[in-house]
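J.: A single structure is presented below for examination.
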Amino acid sequence: AKLNSSKDRIAAKKLISKLEALLREKNVTRALKLLREEGASPTFTTRHYNAVLDALGKSGRVSDAEQLFFEFSKFERKRDVASYSIMISIFSKSGKAQKAEELYVSMQEVDHIVPNSFTYSAMIEAMGRSGRLEKAEYIFQSMVAAQGMGVNVVACNAMMKVYVKAGRLADVFRLGDEMARIGAKADIVTYGTLIDACSKAHKVDQAFEYLRTMRVSGVKPNKVCYASLIDACGKSRQIDRAFEVFHLMKKDKVVPDLFTFNTLIDACGRARMVERAFEVYEQISSSGLRPDRVTFNALITTCARSRSLSCAFQALDEMTSRFNIRPDRHTFNSLIDACGKADRLDCAQVMRERMKEQNVRPCVVTYNALIDACGRAGRPDLAYELMDEMRSVGVKPDTYTLNTLAAVSCRSGDLGRMYAIVDLMREMGVQADEITYNTLADGLVKLGQREQAWLLLCEMQRAGRVPTRIALSSLAASCAQSGDAALAHCVYTMARDSCPSTLDASIYGAVVEALARGGLYDSAVHVFVEMTTVAGHEAVEALRVLMIDVYCKMHDLASAKHIFNSLSREALCLVSRDAMSLITSGDTQ
C-alpha cells in the first residue's frame with residue numbers, strides 16, 4: 001500500500017513524529033502500541049519497526065522484541081539486515097546464543113540476506129558470551145574470507161573483546177597488528193580494547209604506544225581509554241604514570257567521570273599510597289560528582305593493603321554517615337581484611353557481626369579474611385571453627401582458603417590438623433597450588449620434618465608444580481644444620497634439573513655446607529666449584545673457611561691456600577688449627 005493523497009502524507013508525518021518522540025522519551029510501550037495500531041497502513045516502514053525493535057532490546061523486553069520481529073511479515077514488512085542484526089544482538093545480550101545462531105542461519109538460508117559488519121559483530125559477541133570461542137573464531141574467519149577485514153572494523157572489535165574476556169591477550173595484540181598491516185582503520189573501540197588488554201597483561205609501555213598511535217591517527221581518546229591506561233599503570237605499580245595520564249586527560253579537555261576517579265583510587269591502593277588515594281577522593285566532590293559504593297570500597301581496600309585501619313574506618317564513616325551508602329559484602333570483606341592485617345582480630349569479629357545485623361551474606365572471601373585474621377592473632381582454634389562453619393552454611397572453600405589454613409597450621413605446629421585440612425580440601429575438589437605446597441614444606445622444615453618436606457616437594461613436582469626458592473632454601477638450610485648430606489644432594493639435584501632459576505647463593509651455600517659436614521667431600525667440592533665458577537656466585541667467608549678444611553682433608557693444599565689468601569683478617573681466626581698448620585707449614589701430605 002502507498003500513501004496516495006497529500007492529506008495521507010501529512011497524517012503519516014505526524015504519526016512518524018509521534019513515534020520518534022515516544023522513542024526519545026523511552027516510552028517503548030506506547031511506541032509499540034502505536035506501531036501495531038497502524039500496522040495495516042503503509043505509514044511505518046521497516047526502518048521504524050527496527051527502531052522499536054532496538055528500543056525493546058535496550059529496555060530488556062526480549063520476548064516482546066522477539067514477538068515483534070516475527071510480526072514483520074504479518075504487517076507486510078520485509079526484514080532487512082538491520083532487523084536481523086538487532087535481533088541477534090538482543091539474543092546475544094540476553095544469553096540466548098542458540099536462538100542467535102538459528103537466526104543467523106535463517107537470514108542467509110531463508111531470506112537470503114548477506115550479513116554485514118554489525119551482524120558479524122553481534123554473532124561473535126553471542127558466541128563469546130556463551131563461551132564458544134572456536135565458533136566465534138569460525139564466524140570471524142568466515143567474515144574475513146567473504147568480505148575482508150578492512151571494511152569490518154566493528155566485527156574485529158567484537159573478536160578482540162571476546163579474546164580479552166577469554167584471557168587470550170596475545171591474540172588481541174595479534175589481531176591489532178593484523179589490522180594495522182592491512183590498513184584497517186582502527187577506531188576508538190579498537191584502541192580502547194587494545195589498551196584494556198595491555199592493562200590486563202601489565203604492558204604499560206605498549207599501552208602508552210597505543211595511546212600515541214591513536215592520537216597521531218586523529219582518533220581522540222575518550223574517558224574509557226584514559227581509565228584503562230590508568231588501570232594499566234595501577235596494575236604495574238607505576239602510580240606516577242597513572243597521575244600523568246590523569247593530568248593528560250584533563251589537558252585534552254576530557255572531563256574525568258566517577259569511573260576514572262575510582263580507577264585512580266584503585267591504582268593508589270595497589271601502590272599502597274593512602275594519602276594520595278584520599279586526595280583523589282576529595283577531588284570527586286570538587287568536580288561536582290558524588291562518590292558511590294565502588295569509590296569507598298576502593299578506598300577501604302587501599303587502607304587494608306597499607307595496614308591503615310584508622311583510615312579504613314574513616315572511609316566507612318564517610319560512606320555511611322555523610323553519603324548514606326549502605327556497605328555491601330565487598331565493603332565488609334575489605335574491612336575485615338584491614339582489621340586482620342592490623343592484627344585486630346577483635347575488630348574483624350565486630351565487622352562480621354555487623355554483616356549479620358545488616359543481612360549481608362558472607363562468601364568465601366569473607367571467611368578467608370577472617371581465617372587469616374585468626375592466624376595472625378595466633379588463634380588457630382577459631383580458624384578451624386570458621387572452616388567448619390563454612391561447610392555447615394554451604395560456602396565452598398577455595399585454594400586461598402586452603403593456603404591460609406595451611407599457614408595457620410604451620411604457625412601453630414599442628415601437623416595432624418595440617419594433613420587433615422589437605423585431605424579434606426581434596427575431598428571437596430579444592431586443588432593445591434604452588435603456594436600450598438611451599439607453605440606446607442616450609443612449615444614441615446621448621447618443625448624438623450625434613451623427610452616429610454622432601455616427599456611433599458616430590459609430590460609437588462609430580463603434580464606439575466615448581467618448588468619455590470623459599471621452600472628449597474629452607475630445606476637446604478635445615479640439611480646444612482643437621483649435616484644431612486644425602487638429602488641436601490637431592491635438593492640440589494631437584495633445583496638444578498627442574499628449576500635452575502631457584503639456585504641462588506644461599507641454596508648453593510647450604511648444600512655445600514651439608515655435603516661437607518656429612519663427609520661427602522668430592523660432592524662438596526663439585527658443587528662449590530659450580531657455585532663460584534659456573535654460576536658466578538660469591539661464597540660467604542664462613543663457607544670459604546669450611547671449604548679450606550674440606551680441601552685439606554682431600555690433600556688439595558693448593559686450593560686450600562688459594563681460598564686462605566682471599567680471607568679477611570677476621571675470617572682467618574676461624575680457620576681450624578689443623579688446616580692452619582698444614583697451610584702455613586707447606587705440608588703437602
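For all residues, glycine too, the Cβ spot is worked out from N, Cα and C.
According to TrEMBL, the record shows the following:
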- 297-469: domain 'PROP1-like PPR' (DOMAIN)
- 45-79: repeat 'PPR' (REPEAT)
- 80-114: repeat 'PPR' (REPEAT)
- 116-146: repeat 'PPR' (REPEAT)
- 152-186: repeat 'PPR' (REPEAT)
- 187-221: repeat 'PPR' (REPEAT)
- 222-256: repeat 'PPR' (REPEAT)
- 257-291: repeat 'PPR' (REPEAT)
- 292-322: repeat 'PPR' (REPEAT)
- 328-362: repeat 'PPR' (REPEAT)
- 363-397: repeat 'PPR' (REPEAT)
- 398-432: repeat 'PPR' (REPEAT)
- 433-467: repeat 'PPR' (REPEAT)
J.: Which residues, given as numbers and ranges, are at least 6 beyond the ends of the repeat 'PPR' (433-467) yet have a Cβ under 8 Å from it?
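T.: Result: 399, 402-403, 406-407, 409-411, 413, 415, 418, 422, 474-475, 478-479, 482, 484, 487, 490-491, 494-495, 498-499, 502.
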J.: Going along the chain, which residues at least six beyond the ends of the repeat 'PPR' (222-256) come within the CB cut-off of under 8 Å?
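T.: Cβ under 8 Å, 6 or more out: 188, 191-192, 195-196, 198-200, 202-204, 207-208, 211, 214, 263-264, 266-271, 273, 276, 287.
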J.: Using Cβ atoms and a strict cutoff of less than 8 Å, what residues sit near the repeat 'PPR' (45-79) while being 6 or more residues removed from its termini?
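T.: Apart from its flanks, the repeat 'PPR' (45-79) reaches 16, 19-20, 23, 26, 28, 31-32, 35-36, 39, 86-87, 89-91, 93-94, 96, 99, 107, 111, 113.
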J.: Tell me the residue counts in helix, strand and coil for the repeat 'PPR' (363-397), as DSSP assigns them.
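T.: Per-class counts: 27 helix, 0 strand, 8 coil.
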